[in-house]
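Let me begin by presenting the structure, written as structure tokens, before commenting on it.
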Amino acid sequence: MQDFRNFDPQRLERLEARFKGTRSQPPIVIDDDSSQSAGSHSPQTEDSDIQALRAATTGTPERKERRRKRKLPENHDQNSGGGHGHNAKKISEYFKTTGNSPGRAPNPVLLPRSPSTSQPPYPQSPSGSTNHMDLSTISYPPPHMPRKETATCATQTLMTMEDINSLEGKVTSGIRESQTALQSLKQTHTEAQRQLEMLQKQMAKSMNMTKKLLIEKSDIDMKEARRKSMENRLRLGQFTTKRQGAQFVETWQDGYAFTDLIKQQERLSKEKEEIEHQRKLLTKKKPPTTPQAATAKASKAAKAATMANGPEDVFAKPAVEPAMTPLEYYERDEIFKLRLASLRKEEADLQAELEKLERERNVHIRELKRIHNEDQSRFNQHQTLNNQYLLLGLLGKGGFSEVHRGFDLKEQRYVACKIHQLNKEWKEDKKANYIKHALREYEIHKSLDHQRVVKLYDVFEIDSNSFCTVLEYCPGNDLDFYLKQHKIISEREARSIMMQTVSALKYLNERKPPVIHYDLKPGNILLSSGNVSGEIKITDFGLSKIMDDDHFNSQEGGMDLTSQGAGTYWYLPPECFQVGQEPPKISSKVDVWSVGVIFYQCLYGKKPFGHNLSQASILEQKTILKATQVQFPTKPVVSPEAKDFIRQCLVYQKEDRVDVLTLAKQPYLLPGRKNPADKNNTATANSVSSSSVAVSSSSTSTPEAAS
């Protein structure tokens, strides 16, 4: 350890600075005594290298000369300080820095000394050596706290004051530009905020004006509809209340248009009967075609005249008319034929006029019921629902719901608002069941997104007993109304409707989980353009079934039918009417059967099973359960491919019936085939429709079925 005394003083200073770090503390005075060994300190003292360094610095001749004598504490041994001088210079004075030099840590980190420590950290040698190191001013961090050391580094710069001033100018200029840009942005933001508020006010004004104009137009349309309805009451008919026993019932009374047509038909019938009678009389006067027959007939007539006008006759009898010549007979017979042909033509015109009046009457009855329901509705004052949907008028009413035509003020589009109303007299369990049913329909419908399916836009609550679902609006009527108006449609148009319907059903069965519509019928097929030559959309998923893994089992034949008895019986397959200990199993083949029935009705103008029966009669007579085979009329003419397609849909056993995905692959629906012979359909459409309507007063007195 004594070798440190031979080190260069500057090197020793750097070593000491390295070991001391950046702490600012009083200099360490080490008493140098040649009789004391460097290893006499206890191993619990500070590090041996530091001790050797301190011993070396105190033993340096240069320091001994400049060392000033330091007063020792009173509790130290007076005989042990002989080696210290009053002129000893502290080692820390060698490292005093000026303001311009890169000094070492101008702000040293000082660790506070524990006040409870009264003894120096390095105990004195038990041998009582005079070698003494004054370490009373040294404090060390506790062992559990890490020692923090800081250092500074000085770098040489070549910047001049001009450069510094230039940089300061640039910074100042940048700050000014930033402040200017910030002020400009604030002004722009304020202007944009002002314009936004102005646009919002203008939008509010525009929305109010739009509402006002829509309400005015709706009021005009409602007044016009009521005026036209009142005019048609006299022309087409109206409902009248009559007393039957102790009750009052509503019966239909035809207007003067039907009365005039019936009178004209009766007149034509009488004229036809008269002409037929005259033709029979003319046939008796038919002249013979050969001379022998003419001679025999003349002699017979003379004999009869002689016997009739004999001498014994009291009364004179008219003479027998002379026989008609063949030319006279031909003339009279031709006149009768022409009159009959004219009467038949006039009768056909009257029949066409009657069919037209019946179609108008159907629309009139439907409008009468709509107006009555609209007057009774509590949403007939153009309310705005959910601050977005303006109600313009009632479209129709069902059992527990109303459908209103509305306008979306935010999206600027027409919508159909279906308002579900709960009966206040219902019990809570029935209300909960209805709400559950409606929410299930909403959950199914909101997940569907297809061009052939009516879109569901929104659902919201109106009050505690009613809520509303917002649907896509289709301006046209449904297929059921079109069929009532036109009886039948051509095969080409019917095929187009079936292609679109099967496309929608295919989408329902390809999604996960698949969906069974279960209530597919002409009333749930909407015509977007109002005619059968445009697009169609299917709607009403109130009875739909979800074929999830929990309920559907393909090995058992499908899922349980939990709503047996619901639906429209004419369009349901036989398996839906089976009664047993367990509920029947259904699958997508239910919709396949419905497609076949709808296609048959479009082509032939009637339902294949139970056409003139009510739903109660179908259920009592088990009509659908007996529908083992479909029969096709001779007219109108339908292609064999269409008949085969209907047969595949109306297979009695569901195991043998195709499903929706297989039906979509049928060649009849695929592109590339020739279109059906529309000429035959068009030629026979009028004849079938005219022969299908019976002209009688009894048929016109019960038009309720047409509604």
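Using N, Cα and C of the backbone, Cβ positions are placed for all residues, glycine too.
What TrEMBL records for Lys418 is ATP binding site. Counting only same-chain residues six or more apart in sequence, the Cβ atoms lying under 8 angstroms from the Cβ of Lys418 (ATP binding site) belong to Ser401, Glu402, Val403, Cys468, Thr469, Val470, Leu471. When secondary structure is read from DSSP and collapsed to three states, Lys418 (ATP binding site) falls in the strand class.
Note on the coiled coil (175-209): residues 409 of its chain, located 6 or more positions outside it, place their CB under 8 angstroms from a CB of the stretch. As annotated by TrEMBL, coiled coil applies to 175-209 (among others).
Proximity of distant same-chain residues to the coiled coil (258-285), defined by a Cβ-Cβ separation under 8 Å and at least 6 residues beyond the stretch ends, is recorded for 236-237, 323-324, 329, 332-333, 336, 339-340, 343, 346-347, 350, 353-354, 357, 361, 695, 697, 700. The coiled coil feature in TrEMBL is assigned to 258-285 (among others).
Feature annotation from TrEMBL assigns coiled coil to 340-374 (among others).
Feature annotation from TrEMBL assigns compositional bias 'Basic and acidic residues' to 1-19.
Residues annotated as compositional bias 'Polar residues' in TrEMBL: 35-45.
The compositional bias 'Low complexity' feature in TrEMBL is assigned to 680-701.
Per TrEMBL, domain 'Protein kinase' is recorded for 389-669. Looking just at the domain 'Protein kinase' (389-669), the mean pLDDT is 87.
Positions annotated as region 'Disordered' by TrEMBL: 1-146 (among others).
Positions annotated as region 'Disordered' by TrEMBL: 671-707 (among others).
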